[in-house]
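Quick notes on the structure that follows.
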Amino acid sequence: MSCFVVGLTGGIGSGKSTVADLFVEQGAGLVDTDAIAHELTAAGGAAMPALIAEFGALVATADGAMDRAVMRRQVFADPSARVRLEGILHPLIRQLSAERCRAAASPYVILAVPLLVESGTYRERCDRIVVVDCPESLQIERVMARNGMSADEVKAIMAAQATRQQRLAAANDVVVNDADQAKLYAQVSALHLQYLKLSAEKVKASC
């Protein structure tokens, strides 16, 4: 694994992708578990044969990708479906993310994991954890605008995730993303310099 791994997480609508992109602009590597999940469930993705075998051909679209609407209905209708889905996807995501962290040539890697706080496996991989934070009212507003969901739908998703307090308690560092872009950039730039220093210290200590 790359010498220094920074786990990045935050609640839905917190702006994780925006912050991850800012770190990449500064020179960090990025391993995004959501992107890996999409890759695995795209047409020809490594998870598709197992998903079709487990859930039937209806979970695939005509081009062979996972039909997210169909899978979402199955998961809501049958509590065991989520466990079975995660049993197929999660080992593959863990394997690929570990391989990509190891292969990264950057001074440090941002490992973006939406449910990092809920997952002991990913937390153990990280040298630091940075949480993207904003008021819960702003999370709801952003997701409603982005995804066309109702406030109740967004609140239901938030209720299934770690609480804001739990995420902040797990954080080594916090990036506040409350719509002030200049402040956001300044926070990421300062953390980037800190992570470069910590990465160099770790390399030196391991020599």
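One is the number of the first residue shown, and numbering goes on along the chain from there.
Note that Cβ sites are derived from N, Cα and C of the backbone, with glycine treated the same way.
Within the same chain, the residues at least 6 positions away from S14 (ATP binding site) whose Cβ sits under 8 Å from its Cβ are V132, D133, C134, Q139, N177, listed in sequence order. Taken from Swiss-Prot, the feature ATP binding site applies to G13, S14, G15, K16, S17, T18.
In the predicted model, residues of the domain 'DPCK' (5-202) average a pLDDT of 94. Sequence annotations record features per position, and here Swiss-Prot assigns domain 'DPCK' to 5-202.
Neighbours of the ATP site: apart from G13, S14, G15, K16, S17, T18, residues of the same chain with C-beta atoms within 8 angstroms of the site's C-beta centroid are G10, V19, V132, R142, N177. In the three-state DSSP scheme, S17 (ATP binding site) is classed as helix.
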